[in-house]
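Look at TrEMBL and you will find 30-89, 90-150, 151-219 tagged as domain 'LIM zinc-binding'.
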Amino acid sequence: SGSRPEDELELLTKKMLYDMDNPPTEEYFGRCSRCGENVVGEGTGCTAMDQVFHVDCFTCMTCSRKLRGQPFYAVEKKAFCEPCYINTLEQCSICMKPIMERILRATGKAYHPHCFTCVECHRSLDGIPFTVDANNQIHCIEDFHRKFAPRCSVCKEPIMPAEGQEETVRIVALDRDFHVQCYRCEDCGVLLSEGDHQGCYPLDGHILCKTCNTSRIQALTAKATTDL
C-alpha cells in the first residue's frame, strides 16, 4: 500500500491523543462497602477484608486516615490504623504496655502472661496456682507460705504444707507454734502428739511429757526440802 513510516507515526500519535481524550471503557470493581457507590476505574478501588472500597473510603474508623498500602487491623470487619488499634487495647497492670496477644486475667486485672509473676521468685504464674497477700501482691503458693506461715518455735522454720499438699498441721501450745515432729518433750525428746506420751505437761514454760514433768517436780520438791 506504500504507507510511509511517517504516516504510521502520525496515525499512532492520533490514536494516542484520541485515547487520552476518550479513555477505554473504565473497569467496574463493585460497590464500595463504605459508601455504597460503584467503584469504577483503575486505581480508584482496593480490596480489604474480602470487601471492595474506594481508596478514599478505606480509612481508619477512628482517625479517618487512608489505609491503602498501610498496616491495618480489622476488628469485626472494621479497619483501624495501628496507633488507633493499639489505643483500644487493654494495658498490662504490671508493665502498662498494651496487650497485643493473649490476655491473662487475674485479681480483676489484665496482664501479659509473662508479666504475671511471683513477687518473690519472679517465675511466671501463667496456669500455676497463685495467691495474693493483703496488699494484693501476687505470690506462688510456696513463697506465700514461706513468707506468711507461722514459724516453729523449736526449729524456726515456717510451718507449711508438704509439696503438692494444700494443708498442714500446726500445733499451738503455750502461745507458741510447733511442727508435729518438733513438738517433743524438752527433756527426753519423746513426741508429744502421738502414742502413750500424748499431751503436754508444761512447767515454767517448758514443754514436757508427763513423766519428765513429774521428775522435775520431784527434783524441785527435794531441793526445796534440802534448802529448808
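Quick reminder: no glycine exception, Cβ is built from N, Cα and C everywhere.
Summarised by DSSP class, the composition of the domain 'LIM zinc-binding' (151-219) is 16 helix, 12 strand, 41 coil.
Secondary structure counts, DSSP: the domain 'LIM zinc-binding' (90-150) has 11 helix, 16 strand, 34 coil. Mean per-residue pLDDT, taken over the domain 'LIM zinc-binding' (30-89), amounts to 90. The helix, strand and coil residue counts that DSSP assigns across the domain 'LIM zinc-binding' (30-89) are 7 helix, 23 strand, 30 coil.
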